[in-house]
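A.B. asks: Below you'll find the structure I mean.
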Amino acid sequence: MAVKRLIETFVPENYKIFLDIDRKTKKIKGQVAITGEAKDTVVAFHAKGLHFNKVRAFSVDTNFIENEEDEEIVVKIGETGRVTVSFEYEAELTDNMMGIYPSYYEVNGEKKMLIGTQFESHFARQAFPSIDEPEAKATFDLSVKFDEEEGDIIVSNMPELLNINGIHVFERTVKMSSYLLAFVFGELQYKKGKTKSGVEVGAFATKAHSQAALDFPLDIAIRSIEFYEDYYQTPYPLPHSWHIALPDFSSGAMENWGCITYREVCMLVDPENATIQSKQYVATVIAHELAHQWFGDLVTMQWWDDLWLNESFANNMEYVCMDALEPSWNVWESFSISEANMALNRDATDGVQSVHVEVTHPDEIGTLFDPAIVYAKGSRLMVMLRKWLGDEDFAAGLALYFKRHQYGNTVGDNLWDALAEVSGKDVAAFMHSWVNQPGYPVVTAEVVDDTLILSQKQFFVGEGVDKGRLWNVPLNTNWTGLPDLLSSEKVEIPGFAALKTKNNGKALFLNDANMAHYIIDYKGALLTDLLSEVESLENVTKFQILQDRKLLAKAGVISYADVVNILPSFTNEESYLVNTGLSQLISELELFVDEDSETEKAFQSLVGKLFAKNYARLGWDKVAGESAGDESLRGIVLSKTLYSENADAKTKASQIFATHKENLASIPADIRPIVLNNEIKTTNSAELVKTYRETYIKTSLQEFKRELEGAVALIKDEKVIAELLESFKNADIVKPQDIAFSWFYLLRNDFSQDAAWAWEKANWASLEEKLGGDMSYDKFVIYPGNTFKTADKLAEYKAFFEPKLENQGLKRSIEMAIKQITARVALIDSQKAAVDKAITDIAEKL
């Protein structure tokens, strides 16, 4: 049922908010006055978990009704027009990282608490009565009093104006949506700097971390703001930009205007323990949130069905920004590895959501944050659009968009209009097929009787209903003489031989630089030509060959055995991008390989041979001056070499562990997870698991925590696994924000999978209570869908989750997971014998 839009009866202009918060009792006392235009004599405001003592309108006490089911308070004001409605109420801090909530941490054994906020998507109503809809923009005058102790500070969207008897009064905000209001208070340390234009930038964290961990995020934040001000040709509109790392945080980060909050692992970088990958990850997260300060905050989607306007764009701009700031990182390679790969896999399942999807009820909003679609696919579409328009027109169109719609709300067509006005191209016509339709096409390229035939149809992994969808496909070819777009089902280009001669006889490939959202099925001589030139191709094209052939095999268009046969073509590759593509393909092939089988021995041998040259080249030790690509590649090479049972690698891993066993954090960060994993696999020691868990609890290094949790999940000891699962109930050991990741590490390993699955089913009610509404909640639906591969597990999954299909927040994820498991089971059944044979044959020949 469609939810009511409360802005239709009341349009807010200003909120005056006073909050008195007591950390010890976890109680909130609130006073809020909302000034705006009443369009009816009875108006409603969003409120959830608020207990009202008094409501006034036109300075007179008035009647009200609390409607818990619709999360509303209905107020009878008696007349229409401009009015101030005031509320006095009480509430409690939440325990699910939504609304106003506590974050817990320790410093030198002393337990401490921060208070922070998370109001996106519709959780401002848990803190104060409001029109909690993105279109209902207003200004906010915030005042906060709390049980202040020595060393405490408070930060918010705007600078603090004054402090009166412990009441912190902040400057009025600019006009913005309710979900962007934020504040954090507690004992925080910080470092500050300024941009060239004078914006004050600060990085904040608890004293559980070294101050040095603030240097990298502060530098990236300053340079990112400077980049965006120049690229957007629009000044950053606030006096400051605060970046706060919170010990407990539901998602990765939140773009609160001027007061951005982060999960600690997404912001802090310890210079003594940081890998190049962790730096790149943190930098792109910060750049993503800062992109939102314009696209999402200054200009905001009108309703949640255009959430992609926020997330797709910011996900694209984080790479544009980092490519400009750190060109040696080659971040577009990372884009292909992560975003493109994620989008292509998820978007190939029938029933997947489109980028733009109708939202009728707030409970559905959580399903929109599908990272593979709204973030990854959406950003891939923005990359495609930027290439089609050219960067100059793309940037100029954005500048026009911000100028035209600043402090307002938009729909997707408003962006297309601005880009079209600058470029002269029909952007809406080009983009609608991509944004409004689910899925993507496979473009088949073949030569028949000297005619090149290019055709498109929707690509499915697993069963899918072909509805005849067509896309405006940018061919982005390396040849001249071909059309720019494939908009029809098929195009035929005669005179192929002459066309090839005109292009110097080089092999034809499409989708240059992997910038458009489709894959290619090269038939016959076209594939043979491409593979014959593989060594001279660009790295991204080599990656695409691996990517596309893997997906075609996954869909049953070709056999995985055919994919195994092309692996020897990639034994000499030194590129991080190509070797990552190789690693991803190997992970897919592991589905077919039974543990402790003859095929596994052959597969291990094959993997070892594929990575042997890079193992000899890179070894275990970082070399001064080596490229970011080599530093990133080392971990992949070592992991695959150890999988191959290479004796030298296993000996060296054990030696490194022995050297650092008294201080595991001192293992060089780029090889640390490899060493930690190997020691558990080699010893299968319950005592070592205990050591890892004790280290996990004590360390404040968030990346190190992840590594330790991944390593302990490799244990093959039923008693220890049961203890690990039981520890998820203790927030002093595993924080609620980390349960999903820790549990998945156990679920994905064959030995512990049954126990992890049984634990989920037995603890579903408590998970729902603890994490319901949290962005990690549906991971407990999605992760089994990404993992299970047998008919028995499919039946168990359906038996457990099909009764939960009425839950709108989980419905799509359940349906998608069932289709994914079904397809995986069918794939293994149909191709296992051929794949096993191909692995054995190639391993002997290589």
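Using the three backbone atoms N, Cα and C, a Cβ is placed for every residue, glycine included.
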A.B. asks: Please identify which of Glu272, Glu311 is recorded by Swiss-Prot as part of the Zn(2+) site containing His288, His292.
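C.D. replies: Within the candidate list, Swiss-Prot flags Glu311.
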A.B. asks: Besides Gly252, Ala253, Met254, Glu255, Asn256, which of Glu120, Glu133, Glu135, Glu392 does Swiss-Prot list for that substrate site?
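C.D. replies: Among Glu120, Glu133, Glu135, Glu392, only Glu120 appears alongside Gly252, Ala253, Met254, Glu255, Asn256 as substrate-binding in Swiss-Prot.
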A.B. asks: According to DSSP, which of helix, strand or coil covers Met254 (substrate binding site)?
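C.D. replies: The residue in question, Met254 (substrate binding site), is strand (DSSP, three-state).
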A.B. asks: Which secondary structure state does DSSP assign to Glu120 (substrate binding site), in the simple three-class scheme?
C.D. replies: coil
A.B. asks: Within 10 angstroms of the C-beta of His288 (Zn(2+) binding site), what count of other C-beta atoms is obtained when all protein chains are considered?
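C.D. replies: Other Cβ atoms within 10 Å of His288 (Zn(2+) binding site): 27.
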A.B. asks: Would you count the other CB atoms within 10 A of the CB of Ala253 (substrate binding site), including those on all shown protein chains?
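C.D. replies: 22, counting other Cβ atoms within 10 Å of Ala253 (substrate binding site).
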A.B. asks: In DSSP terms, helix, strand or coil for His292 (Zn(2+) binding site)?
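C.D. replies: DSSP assigns His292 (Zn(2+) binding site) to helix.
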A.B. asks: Cβ neighbours within 10 Å, counted over all protein chains: which one of the recorded positions Glu255, Glu289 has the most?
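C.D. replies: Output for this query is Glu289.
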A.B. asks: What Cα-Cα separation, expressed in whole Å, is found between Glu255 (substrate binding site) and Tyr375 (site 'Transition state stabilizer')?
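C.D. replies: Glu255 (substrate binding site) and Tyr375 (site 'Transition state stabilizer') have their Cα atoms 15 Å apart.
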A.B. asks: How many Å separate the Cα atoms of Tyr375 (site 'Transition state stabilizer') and His292 (Zn(2+) binding site)?
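C.D. replies: Cα to Cα, Tyr375 (site 'Transition state stabilizer') and His292 (Zn(2+) binding site) are separated by 13 Å.
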A.B. asks: For the recorded Zn(2+) site, enumerate neighbouring residues of the same chain (Cβ within 8 Å of the Cβ centroid of His288, His292, Glu311, site residues themselves excluded), in sequence order.
C.D. replies: Glu255, Glu289, Ala291, Phe295, Gly296, Asn310, Phe313, Ala314, Asn315, Met317, Glu318, Tyr375
